[in-house]
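Chemist: Next up is a structure, given as structure tokens.
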């Protein structure tokens, strides 16, 4: 089945970057303002799903050759890993820390370990959402 | 503060995720999952001794003090169950190695078993009732996958039932949590206990506690067990054994915690209702076990009898009965796993499930036959095996509390257990052998090893009562007197 989706594809090419930017913004805005890993991850995943809708699965898998199940697994490992990291410093499990650092180009920057944890959450959300959408799409699965 | 308290939950989760990357390396998956369980057994054993010597431990996540943060509380009751659950899981894993098959193993079977264990251990250890809900969900999501994995038509039908029932129960759990939070304004279990006691557990709070009773009864199979016989008889043997040993026990743990820690102040209402439910559960379980014709039905109804019997201990509610309940809970985990593995083995060896169609197994497999007999004796409560001490304690508690009806029904149920299991033994193990030597299906070493491991636990729980009793006493002391738990959890001088 061949449908004419020039408009969709053209729009998606531009919109995907806006969505990805918004996703990253929400992700970094988290832990101080509304946003965070879960919401950012959902928005990022929606960009990926949009790409799958506009193009076919094979094309996207060629450009993004990830197994999204493994993306989710890496996310969980990252999140639990940072949680467990606090054990090494002999503070209660899940403790996080932050600090201000002078970085070249960025100037004084607020760096937190929560961001790493949130990155894990975001990866998990992206991995799970895309896996769910793909397996609904796949008709019968593997 | 002790970060070790999180280990029984976080280690299985992380290992489960690592196993995802080892999907095709089945051998590695087996080794890693077994090592993980071994490590958890060691850690929980160490924590248990530590708690007995130094009192209840707690771990405030990221240092948020109670009642504001989420916390894990390790008392003797929780840690005993974590320890036994981990041992049982290790045994079921060993059984699974040689029976579950490559198809399951490649579909992340070991990952899901480890996640199930993480949920179970988290439920035992948590000191925050919303966190209890989360841990329940971790456990249930893993169990949904395990019950449905590899399904034929019947398995799919039963797992659908199982999922639906549990989703509804979880929804009710959330509603009950909302009521509770609306009424007392806190989710920390120790803090709830304080506030409920201050309010004198008025009718509103008692009603909320009854909603919790319904929720946990659905999970534990107390009275509301209609889903249980179907769902527990369809999955592969090692999964069924894991479910029989762990899942209903988590529900019972939650019931015991709820009605000894949070809502202990109106025993006339709540404990009477629990007693009535336990009696009906026992009677129905007895009818099912004695009337069942295939081995799987008989085994699942024996699970229900176990639930009823332990809940009798909670309904009586004095120290001896609670000690009995704790002891019997541990025994029931081990013995039910043994029973289910034996039943699964019988089906594996003969390809039959109807009792009458099997005969003379003990001639072909003498060790297996006697291991089944050992499990039977333990479940009936013959001294010196593990069931005996729990039954005696609950019996003593019932006499001390004057609850003679509970006493009579409880001990009648032992006769039903004896009748139903002995019937299998006489019909299927004794008599003319139907399997000629050439057709004998060999029992693999791993299968026998897991049975022997569980049998050793059954014997140790009975003969080693001297070593275990101090821990059980410490556990029951907290159940009888919630202020020990509250003092350990709430910072001094708060409120």
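The backbone N, Cα and C atoms fix where each Cβ goes, and this holds for glycine too.
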Chemist: Pick from B:337-355, B:470-488: which range does TrEMBL record as transmembrane segment?
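Modeler: Going through B:337-355, B:470-488 one by one, TrEMBL flags B:337-355 as transmembrane segment.
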Chemist: Taking pairs 6 or more apart in sequence, does the count of Cβ pairs under 8 Å between the transmembrane segment (B:298-317) and the transmembrane segment (B:240-263) hit 3 or more?
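Modeler: Taking Cβ pairs at least 6 residues apart, the transmembrane segment (B:240-263) and the transmembrane segment (B:298-317) are in contact, with 3 or more under 8 Å.
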Chemist: Excluding the flanking five residues on each side, which residues at least 6 beyond the ends of the transmembrane segment (B:269-291) place their CB within less than 8 Å of a CB in that stretch?
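Modeler: Tertiary neighbours of the transmembrane segment (B:269-291) are 206, 209-210, 213, 217, 221-223, 225, 229, 255, 259, 263, 297-298, 300-302, 304-305, 307-309, 311-312, 314-317, 403, 405-406, 409-410, 412-413, 416-417, 419-420.
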Chemist: List, by number or range, the same-chain residues at least 6 past the transmembrane segment (B:447-469) whose CB is under 8 A from its CB atoms?
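Modeler: Result: 84, 87-88, 90-92, 94-95, 98-99, 327, 330-331, 334-335, 337-338, 341-342, 345, 348, 367-368, 371, 374-375, 378, 383-389.
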Chemist: Can you tell me which of B:31-49, B:162-184, B:204-228, B:240-263, B:337-355 gets the most C-beta pairs within less than 8 Å of the transmembrane segment (B:367-385)?
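Modeler: Stretch with maximum Cβ contacts: B:337-355.
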